[in-house]
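Features as listed in TrEMBL:
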- 1-20: signal peptide (SIGNAL)
- 331-360: disulfide bond (DISULFID)
- 500: Ca(2+) binding site (BINDING)
Ligand SMILES: *[C@@H]1O[C@H](CO)[C@@H](O)[C@H](O)[C@H]1NC(C)=O
Ligand SMILES: *[C@@H]1O[C@H](CO)[C@@H](O)[C@H](O)[C@H]1NC(C)=O
Ligand SMILES: *[C@@H]1O[C@H](CO)[C@@H](O)[C@H](O)[C@H]1NC(C)=O
């Protein structure tokens, strides 16, 4: 979904139970139902706690500083936590919160900011948040808005934001600059743009076009994506479907052949299959590219640590050599294989997705706090001497023990549960949520942690990223919530698809 944690931080049943469990008796089904309702309620309590702290100490700024009860404006000061919380508040049925956010969005001036704008972060959090709110409030949550005019304003504001940002694509190739100055219409002078930040725009920008009837946004994002779908030179695609990490902005050619599913590359692969879910007619090529990447990943990138051959993670590859390390960010991978597997009816992808889910669960359940680290390795030649015992038991050593409220592990538990209907994945999501609530919670919200393998998670880092609201709270909730139109479904029956910030947008029916 995004770039790795900053160094400074590092330093410091759908299928319904009945189908999936044909042998369990009725009472047990009912027992589980009320149990999952209680868990869903407990997640709502945590969301409300964080929302109240944000409103009290930080609103209308971007994020709460949950230790000092201060605030930050890391996302241009447009109220990132409010906009990122909208789709979760809708899904949780929190009418007051929803109406507060609708009111907020109507007042934002997206043409003004003091700081550099990230095209990627702005797209996935603000644009995705508003488009999702619009789709939900025009559809399954239609009765929540007190002032229906403010729902229309969501789309107006999404278009305003798109119009502010679109000059970023005005380059020699159409590959955008990521870091832009919206006042001067300038940029940071980069010669290359990253794979994920280039390839994680197309869902939101296409949705904006499909809702407004103005094709420009879709065209711009799909033109940029075209270089990723037809990678040049051939050295940029060392295995079919797996491509390099950086693209020259002037020419659209890749500048390297470094291959991974880690931060910086991750959501490019995520969006290939999600675009097919969004519209299988227009995005068949995207699906073909995802299938190639998935097959190559199973063949070339899957790795099993020496002490724990039962575990599976993805290595990265560059010029003939492999790096045996992975990241919390990478753990969206299980969910991606599960979504692709169910949509394309490929049991091999589902099975491999579950192996990845198990590998990520192992990074959680091996630590003292039961929360997984931001990054880890399993190269037997590089085990730090003070982690030898841990490595022999857990199968990995920790390279960054931080936890910055990332969602990817719980996200993949969610896909595993929706696709298989197996309760174990709900249990794992619950364990993770309980651990986060027990370790990261402060009097006003949730803080990042410096070391998940230290008592109490080490020290608390004074920041609460907006994606706590959009992602951690949402996936923790919907895995226990009842079936609904916006939930992930098995097979090809999805009515919504989640952007990389967990904002569900309505798929295009053809
Ligand atoms: C953006 O450009 C304006 C106008 O040239 C300038 O005043 C401002 O400092 C720039 N902002 C940033 C964050 O560089
Ligand atoms: C810990 O993770 C492993 C690997 O996924 C799994 O087999 C095991 O059941 C998990 N243990 C617990 C207590 O959840
Ligand atoms: C979360 O933490 C709060 C405060 O300690 C506690 O009251 C609540 O029961 C916890 N929720 C869960 C599910 O552990």
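Every residue gets a Cβ built from N, Cα and C, even glycine.
Structure coloured by features recorded in TrEMBL.
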residue : record              : DSSP (3 states)
331     : disulfide bond      : helix
360     : disulfide bond      : helix
500     : Ca(2+) binding site : coil
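Calculated from their C-alpha atoms, the gap between residue 360 (disulfide bond) and residue 500 (Ca(2+) binding site) amounts to 18 Å. Note: the Cα of the residue listed as 'Ca(2+) binding site' and the Cα of residue 331 (disulfide bond) are spaced 13 Å from each other. Within 10 Å of the C-beta atom of residue 331 (disulfide bond) sit 29 other C-beta atoms, taking all shown protein chains into account. Every protein chain shown contributes to the tally, and the Cβ of the residue listed as 'Ca(2+) binding site' ends up with 28 other Cβ atoms within 10 Å. Around residue 360 (disulfide bond), a 10 Å sphere centred on its CB holds 28 further CB atoms from the protein chains shown.
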